[in-house]
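Chemist: Quick one: the structure is below, and I'll ask about it shortly.
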Amino acid sequence: MRVLVLHGPNLNLLGRRETGIYGNETLADIDARLQELASELGVDLECFQSNSEAALIERLHGAPGTVDAVVFNPAGFTHYSIALRDAVAAVGLPVVEVHLTNIHAREEFRHRSVIAPVAAGQISGFGTAGYLLGLRAAVELVSRGKMSRA
């Protein structure tokens, strides 16, 4: 089984940016923890980060036939990127949306995700552990043959 982890904009600044909100772990730390869990689960993992909406869309478009599921933190694009929403809907793979913080407990403009309605599920508010939960969820969805929304 192969899983793609997509990290959206500004996540490359984790560990330096708003540490009171996002914590001290870096993106490299998160990727290392994900790789460790993936090894335990027998999963081949690819991690990709971009600040570019177009690059994230291109990687999603390339996912079918190369991966079985996607764990995706769309970050700031969560709330308004119809293009990413449409890409998630188009790929025909289980996509688990993850967020470090509880987007529903933050500023009102962060409460709405345009990605969630086309994702298999959403995990938010558990910090970096949310990525690990997202990977476990993706593996479970693939194992059960779930392609998209329940």
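Cβ from N, Cα, C; glycine included.
As annotated in Swiss-Prot:
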- Y22: active site, proton acceptor (ACT_SITE)
- H99: active site, proton donor (ACT_SITE)
- N73, H79, D86, L100, T101, R110: substrate binding site (BINDING)
- R17: site 'Transition state stabilizer' (SITE)
Chemist: Hey, what's the Cβ neighbour count for T101 (substrate binding site) at 10 Å?
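Modeler: The Cβ of T101 (substrate binding site) has 17 Cβ neighbours within 10 Å.
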Chemist: Can you tell me which of the recorded positions R17, N73, H79, D86 is spatially closest to the residue listed as 'active site, proton donor'? Compare CA atoms only.
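Modeler: Ranked by Cα distance from the residue listed as 'active site, proton donor', first place goes to N73.
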Chemist: Provide the three-state secondary structure of N73 (substrate binding site) computed with DSSP.
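Modeler: It is in a strand.
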Chemist: With every protein chain in view, how many other Cβ atoms are within 10 Å of the Cβ of N73 (substrate binding site)?
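Modeler: Here the count is 25.
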Chemist: DSSP on R17 (site 'Transition state stabilizer'), three-state: which is it?
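Modeler: DSSP call for R17 (site 'Transition state stabilizer'): coil, neither helix nor strand.
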Chemist: I'd like to know which of the recorded positions R17, H79, H99 has the most other Cβ atoms within 10 Å of its Cβ.
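Modeler: When each Cβ's neighbours within 10 Å are tallied, H99 leads.
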